[in-house]
Structures are given as structure tokens and as C-alpha cells.
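Here is what Swiss-Prot records for this protein:
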BINDING   8-13, LYS59, 75-76, LYS92, 151-154, LYS174, 179-180  ITP binding site
BINDING   GLU47  Mg(2+) binding site
Amino acid sequence: MSTVTFVTGNANKLKEVIAILSGSQSEGGESKVGNFTIVNKSLDLDELQGSIEEVTIHKAKSAAEILGGPVLVEDTCLGFTAFNDLPGPYIKWFVKSVGLQGLVDMLYKFEDKSAKAICTFGYCEGPGKPVQLFQGITKGSIVESRGPTNFGWDSIFQPDGFDKTYAELDKEIKNSISHRFRALDKLRDFLVSQ
């Protein structure tokens, strides 16, 4: 059985990834998928400016070099249609700079409040190896903040077909429709086929 290190320091993201990949969490935050055991490590990786794909590839290659083995990284973006998909991969910095209400206010004068949540996982077997990308997209709208505000921008993103934000949805429902679920579903298929 091979070990893959999922590089994240975000405890909420780790719990969600493990729940989606395996449906349960074992001791120490490990998850088994096919012939792989997923373990966690927090690394402070440089994030270059670029597309979500470029950011993810850079993070995966950097993590593989540092850890010397198979790694999994993730990058998430939120793109506003009215802003030609900005803030995109810079959403984390927008949330820190202007807050959730600031993001909502950015769309105040725009009729189009639609947005896309995009999650991209990058898998790299080790130093010098190519990076495989797995991307999931969920369409929705930006709304006034509703629900808990402890997980990024979940409280302002309402997926199409639902009357609740990600933050208000039951975890099992969110984990069956989210951009992260869609990307992980592709990743799981890849890992099981190896």
C-alpha cells in the first residue's frame, strides 16, 4: 500500500476531504482509497500568481520536492461572472482583505450575482514527476452571508438548485454536490485505477 501526503494546514478542509474520499475517518486523520493511504502534513508553500491550474501544479511540484514522495495538494477558487471569474484563485486573500461582506458588496451594483466554485486537486508521484489535475465545478450565486462563517466563503455561496448556502447545508448534502466532491470523485477514480 502506497502513502500519499495531502498537504494542507486547514483542519476543516482535511475533515471534508477524508469524509468525501472514504466516508469515514480513521485514527490520525488517515483515509484509505484503493491501494493508497492518505496522510496529512501542513507545509507553508509559496503560491505563485496565475491560473488555478498553474497554482496547483506549482504547489504539487514544490510539495513533492520537499517531501520526496507522492503528494496531493488542493486549490480552490471562487469566480464571479460579473468580474470575469475574479477573485478566482485569489479568493483567500480577498476574504482576508475585505471580508465576506466586502465580497458581497463588490457585486452590489451588478445584476448578475452568479459565481463558480472551482476546486482543483493536484497529484504528483514525487520529485520531477508530472502533476495530474482533477477539477470540479459547482455553479451558484453570491448571497448575503447565512450560516456559520468558519469555513472560508461557504456562508455567501448558494449552489444552484438549493435555497441554502454551503454553510447552511447539512455536511452530507454539501459533500455530495460541492466543487470539492466533484474533483475528489475524479481523483478517487484515478487512485482506485492505479
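Placement of Cβ uses the backbone N, Cα and C atoms for every residue, glycine included.
Since we're looking at a predicted model, the values are computed, not measured.
Here the features listed in Swiss-Prot are painted onto the structure.
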residue	record	CB count, 10 Å
THR8	ITP binding site	18
ALA11	ITP binding site	12
GLU47	Mg(2+) binding site	16
LYS59	ITP binding site	24
LYS92	ITP binding site	17
TRP153	ITP binding site	24
HIS179	ITP binding site	24
Legend entry - Inter-residue Cα distance where the pair is THR8 (ITP binding site) and GLU47 (Mg(2+) binding site), in Å: 13
